[in-house]
Amino acid sequence: MESLNALLQGMGLMHLGAGQAIMLLVSLLLLWLAIAKKFEPLLLLPIGFGGLLSNIPEAGMALTALESLLAHHDAGQLAVIAAKLNCAPDVHAIKEALALALPSVQGQMENLAVDMGYTPGVLALFYKVAIGSGVAPLVIFMGVGAMTDFGPLLANPRTLLLGAAAQFGIFATVLGALTLNYFGLISFTLPQAAAIGIIGGADGPTAIYLSGKLAPELLGAIAVAAYSYMALVPLIQPPIMKALTSETERKIRMVQLRTVSKREKILFPVVLLMLVALLLPDAAPLLGMFCFGNLMRESGVVERLSDTVQNGLINIVTIFLGLSVGAKLVADKFLQPQTLGILLLGVIAFGIGTAAGVLMAKLLNLCSKNKINPLIGSAGVSAVPMAARVSNKVGLESDPQNFLLMHAMGPNVAGVIGSAIAAGVMLKYVLAM
């Protein structure tokens, strides 16, 4: 009987909590959205599966060595950790002390847990290498750069303003998060508000990179919100676009884009990086990888490297990035009031970014002979190329012969640049406070 009881107690099912059960259902929902609805499947599928692995009771796949020690509840070991932190020897007090401790002290406690025989789970290791170091989002950005054509942007430089205007959603969302905190509705610190705001850029890698730096505790919710809303762009944007434009404006036919020379395409990423990085060094990592990837594409002399970055490398990193995000979908971190606030602010951010891009296009039309179809302003959010396709689709509904796709790619690419710069601004000024 004792052996049978020990066997039963060793089953994960016996230790399944309500929070873990809910998160298992959330993870299954993400898998269903990825497989059945094809909502950003390249990221939501590994994120969902990572969420499943993270919430299997007793497996500890997403726990660091220190978290495994705390979950083990050994009184002697807790006393050693508590003595180092000068707090009461119980799990809750230790967690509070760790939250207030310096990163160097947290690292010392992690090493102490390793010395006591605990090891981090595989997903925790993935997270440390892929996101904790910031490497995975940067490599993804390199791949995106290698797949990006700056031609439409260079052919119509005014569209850069549309991409810039769409970033207004980012900063409006930061203010929204701080407003919720001010009125005591949902508690958000300034770094957390900045990390949430980047959802408005509709740029998954940038959202993961920034939240990993500013608010790693919210990374799971921010990543899920960012990629879910990116997949919902065809549903979120059209009503806003139609509400802000007239039938006549939607029928505007734009002048055919000029041919951009190879020299321009080669010089642009180099000049862009130098201008932005010299003014805002904190944007250099993201923008640097993006421009490097694009230079490999446009130079034409490293086709093997360009092909590897666009295909094999970005696919491999995407797998580990998704599983690493899934490591943050543990119940005690995800099932918080903050998650609801993130989901609400995320959709508002998308809406504001879309509206700002459309309104900027209308403003430019007031002082220009060559009219811009305001619909392409919505492509200023950097969901590439989905936002551009939505602009084209809504335009075709008003005029079946008015193809806006290539025109919309200009602000779409500008949005990627804008979100990277916005992330640099957040890092520079938020971390300095």
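Cβ coordinates come from backbone N, Cα and C, glycine included.
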Key: Range annotated as transmembrane segment - as stated in Swiss-Prot, picked from 42-62, 63-83   = 42-62
Message = If we skip the immediate neighbours and take only residues 6+ beyond the ends of the transmembrane segment (160-180), which ones have a Cβ under 8 Å from one of its Cβ atoms?
response = 153, 186, 188, 190, 192-194, 196-201, 341, 345-346, 348-354, 356-357, 359-361, 364, 372, 376-382, 410-419, 421-422
Ask   = Is the number of Cβ-Cβ pairs under 8 Å between the transmembrane segment (122-142) and the transmembrane segment (266-286) three or more, considering only pairs separated by 6 or more positions?
value = yes
Message = Any contact between the transmembrane segment (216-236) and the transmembrane segment (413-433)? By contact I mean 3+ C-beta pairs closer than 8 Å, pairs at least 6 apart along the chain.
response = no
Query = For the transmembrane segment (311-331) and the transmembrane segment (42-62), does the number of C-beta pairs under 8 Å, pairs 6 or more apart in sequence, reach 3 or more?
reply = yes
Inquiry  = Should anything in the same chain at least six residues away from the transmembrane segment (16-36) have a Cβ under 8 Å from its Cβ atoms, list it; otherwise answer none.
reply    = 44-45, 47-52, 54-57, 224, 228, 231, 326, 329-332, 334-335
